[in-house]
Amino acid sequence: MKTVLKTHKINKYFYEPERFQVLKGIDLSVQKGEFLSLVGKSGCGKSTLMYVLSTMDTDYEGDLEINETRLTGKKQNELAKFRNEHIGFIFQFHFLLPEFTALQNVMLPAMKLGKYSKAEVEERAYEKLRILGMHDQALKASSKLSGGQQQRVAIARALINDPTVIMGDEPTGNLDSYNTQVVFDILKQLTREFGQTIIAVTHDDEFAANTDRIVEMSDGSILS
Amino acid sequence: MLTFEIAKTHLLSKPKQTLVAMMGVTFGIGMFIAMVSLMTGLNNFTEELTMTSTPDIRIFNDITRERLSLAEEWNPEGINQVHHQKPKNETAKLRNAFQIASDIRTNPMVLGAAPQLSSQVFYNYGPVQLNGMIAGVDIMEEDKLFDLRAKIKSGRLEDLLSTPDGLIMGSGLARKLNVQVGDRVVITTPQGFTMSLRIVGVFQMGLGAIDNIKSYANISTVQNIMQKDRSYITEINIKLKDTHQAKPLAQEMEKVYGYRAEDWETANATMLTGVVVRNIMTYSVSITLLIVAGFGIYNILNMTIYNKMKDIAILKATGFASNDVREIFLIQSLVIGFLGSLLGLMVGFGLSYLISLAPFDGGEFISITQLPVNFSPTYYIIGIIFGVSTTAIAGYMPARKAGKIDPIEILRGV
Ligand SMILES: Nc1ncnc2c1ncn2[C@@H]1O[C@H](COP(=O)(O)OP(=O)(O)OP(=O)(O)O)[C@@H](O)[C@H]1O
Ligand SMILES: [Mg+2]
């Protein structure tokens with residue numbers, strides 16, 4: 001089994017309103033194709049950890065390695081490029097660009113990557129939308145889609161560059177139980193059929209129970 | 001280009017806001033073009049008029065020039081105090097004027113040199129006396145210098161040669177005196193000499209300052225009026241092939257002939273100051289308008305960025321770098337600036353065209369029926385450079401701020 005993501009003794013502090021350690025010596029490694037769920041009480045530091053893992057937050061101590069690339073200490077521009085290629089992020093609040101169509105939203109990160117021509121990117125975007133059952137809504141303005149539909153478009157966007165790892169901060173937190181099930185099934189299918197690695201923060205015990213591994217956090221440390 | 005596509009989508013999704021921002025620039029540039037076209041049109045017009053009616057160099061005997069007092073001549077080392085020194089009692093006569101003139105004509109840079117003399121006179125119109133002046137000239141040489149033939153309104157230039165007591169009168173003066181070609185007019189010098197002259201032509205330079213006071217006569221006629229001898233000449237007017245050589249050449253002539261040689265720039269210093277003042281006015285008003293437009297763009301872009309915080313966070317989270325985000329917003333302001341300026345050029349052209357059509361009476365000063373408008377493309381190029389650079393500067397600060405937005409702050413905040 002190949003290790004896709006590895007952290008070594010990650011500490012993080014907040015200084016406002018007073019110095020306070022949010023993350024305490026986080027050691028974590030994630031294998032390729034693993035569906036991992038991150039659980040824990042509210043305020044224990046899950047989101048904070050996700051931002052560190054996703055390279056958006058660089059203000060931490062310790063080491064972060066994804067796909068055998070050490071990311072700690074890299075410049076913002078390099079990290080943006082790395083994120084573009086290797087990390088798909090699914091937010092709790094689906095976050096699409098409202099002026100663009102569903103299809104354009106999915107295409108943007110791929111256009112940024114610039115590995116494929118526009119026609120190829122479009123074709124790939126349709127393919128991802130089809131996996132999520134959204135291809136018939138492709139040309140709709142993203143602001144005109146329902147919450148569940150938007151979340152599925154956001155997942156398609158996270159998939160578009162075939163990232164090394166998909167990270168989700170409560171990717172189903174905003175969905176009803178039916179849509180939660182739909183999204184969960186899709187994520188699960190991605191790990192099974194495409195060997196996709198997924199790390200998802202969740203408060204949903206049933207969701208967590210069905211993933212490959214549960215990592216529980218408490219007060220800034222990993223319990224198990 | 002991807003950032004351009006995103007910028008385009010942003011602009012098109014808020015067409016009203018985009019249009020308002022553009023109109024600011026359009027207004028600024030449009031006003032600039034209209035103003036600068038009119039101002040430079042006026043400047044060029046008056047400059048040309050003045051240039052056609054003043055010589056490039058004028059040689060004369062400057063009797064009012066400061067000179068050493070006798071005390072200073074005798075006692076150059078000492079401290080001398082001389083109060084209220086009067087000019088020496090000498091005439092304004094240029095010695096050997098005809099010889100100097102023919103000598104000057106041999107210079108290849110010179111187009112023509114016309115010796116002449118002039119006197120203040122009163123033109124009698126019934127009981128009314130109109131103040132004016134009369135210039136005694138070799139009319140053919142004068143024509144070579146100032147293209148008089150083209151400015152004759154009635155009568156003939158040549159008739160002056162065959163009429164010893166002939167007179168070619170400025171159009172404004174003729175109108176005031178209510179005279180025509182063929183009429184006689186009585187003139188009086190300040191010394192009291194009176195003479196009756198016959199009008200053989202009427203000219204119009206287009207400048208009130210000349211047309212309302214000046215007449216041309218033969219040199220001998222004016223010498224008679226002034227009761228001077230046949231060699232009495234007070235000035236030599238010179239036209240050059242290249243006007244810009246006037247200054248150095250004037251200095252040279254001053255040295256060679258020992259008389260004052262004044263170039264046109266010195267003679268028309270007031271007019272040239274007027275040109276500068278008008279230019280300063282035009283540019284300061286235009287720059288003010290553009291700065292206002294720039295603030296408009298700055299505000300709108302700031303607002304856009306504030307509304308698009310979330311979008312910026314998403315773009316950054318999905319791999320767009322600070323540069324890309326900055327570019328997206330900079331492109332928006334540049335597009336607004338470019339299109340706004342382009343539209344401004346059209347508006348400016350339209351305005352200038354309308355101004356050039358509007359009837360305008362120059363009154364006493366200049367004889368024009370429409371305002372002179374300059375349609376030189378230079379100002380259109382300056383306009384678009386102005387417009388685009390203002391918006392670039394106004395857009396740069398908000399765009400940079402957008403590039404610096406930290407995505408986590410926003411993602412966390414929801
Ligand atoms: N910008 C910040 N400045 C200071 N403290 C912060 C900041 N962001 C988060 N915290 C604190 O850090 C701790 C961890 O926050 P975090 O958002 O990671 O929790 P979480 O586990 O994601 O909680 P939830 O399940 O409610 O989303 C909390 O106590 C929170 O108050
Ligand atoms: Mg959280």
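FYI, residue positions are counted from 1 along the chain as it appears here.
A Cβ is built for glycine as well, from the same backbone N, Cα and C atoms used for every other residue.
Those TrEMBL annotations? Automatic predictions, nothing curated.
What TrEMBL records for this protein:
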DOMAIN    B:18-255  domain 'MacB-like periplasmic core'
DOMAIN    B:284-407  domain 'ABC3 transporter permease C-terminal'
TRANSMEM  B:20-42  transmembrane segment
TRANSMEM  B:280-301  transmembrane segment
TRANSMEM  B:334-358  transmembrane segment
TRANSMEM  B:378-397  transmembrane segment
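Among the stretches B:280-301, B:334-358, B:378-397, the one making the largest number of Cβ pairs under 8 Å with the transmembrane segment (B:20-42) is B:334-358. Across the domain 'ABC3 transporter permease C-terminal' (B:284-407), DSSP assigns 98 helix, 3 strand, 23 coil. Model confidence over the domain 'ABC3 transporter permease C-terminal' (B:284-407) stands at 86, taken as the mean pLDDT rounded to a whole number.
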